[in-house]
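One structure coming up, written as structure tokens, with questions to follow.
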Ligand code: CIR
């Protein structure tokens with residue numbers, strides 16, 4: 001899929017007050033800004049137009065703009081984040097997406113769904129059931145996908161935070177898998193590149209046009225992806241990792 005544009009959001013000054021389970025220390029705000037700028041540059045080099053939204057200190061996690069929406073070439077879904085503190089993030093993203101003239105859908109109560117639990121593979125979507133995405137949210141999204149002519153598979157997660165914490169689609173019928181998704185029945189039809197336990201964080205990569213963007217500092221995974229024939233680019237995301245975030249969370253790509 002050609003990625004033409006992305007939406008990102010400038011990290012809020014309150015970023016360090018966001019949700020985290022990582023135990024990796026407090027993010028350094030100047031480094032957060034620097035890594036975010038570098039992420040935007042890597043994206044521009046990959047050939048996308050970048051639409052940057054202003055930050056909002058009331059929402060320390062709002063740089064993880066992937067969670068309040070899912071965007072395809074046909075429609076946009078405004079989600080209902082499972083984390084209470086993130087629910088209001090949808091407003092700014094919905095306003096931004098109105099410029100792109102897609103059919104708009106929403107997830108309604110009692111459903112919850114976060115974009116991190118949605119993996120788009122050609123004309124099919126995988127939806128993870130997690131602590132953030134519940135059955136009602138997943139089923140509401142499944143009904144929307146059916147109406148729009150896409151397939152859907154709902155997958156209960158065992159350990160991962162979000163679905164895409166442990167799996168990425170690299171294009172060319174190939175998935176990158178870690179932990180509970182290695183040799184998972186649902187993904188058997190794809191070629192598989194596996195991520196070792198030591199490098200588990202690197203399962204969250206993103207394919208953007210000709211390149212696979214990988215987090216900096218995971219040489220084994222990078223090498224495996226290159227050996228499978230993909231071109232890679234690294235981006236440093238250590239400060240986002242401290243808040244349980246990764247490469248995919250930082251943008252909406254469409
Ligand atoms: C949160 O707990 O919601 C944020 N600190 C991290 C969200 C990461 N998003 C993602 O994996 N899609």
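A Cβ is built for glycine as well, from the same backbone N, Cα and C atoms used for every other residue.
According to TrEMBL, the active site, proton donor annotation covers 162. Among the features that TrEMBL reports, active site, nucleophile is placed at 249.
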For residue 249 (active site, nucleophile), what is the secondary structure by DSSP, using just helix, strand and coil?
helix
In sequence order, which same-chain residues at least six apart have a C-beta under 8 angstroms from residue 162 (active site, proton donor)?
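Result: 114, 116, 117, 128, 130, 132.
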Name, in the order they occur in the sequence, the residues of the same chain whose CB lies under 8 A from the CB of the residue listed as 'active site, nucleophile' and which sit 6 or more residues away.
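When sequence neighbours closer than 6 are ignored, the residue listed as 'active site, nucleophile' has 64, 65, 66, 67, 116, 204, 240 within Cβ distance under 8 Å.
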Translate the DSSP assignment of the residue listed as 'active site, proton donor' into the three-state scheme.
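In three-state terms, the residue listed as 'active site, proton donor' counts as coil.
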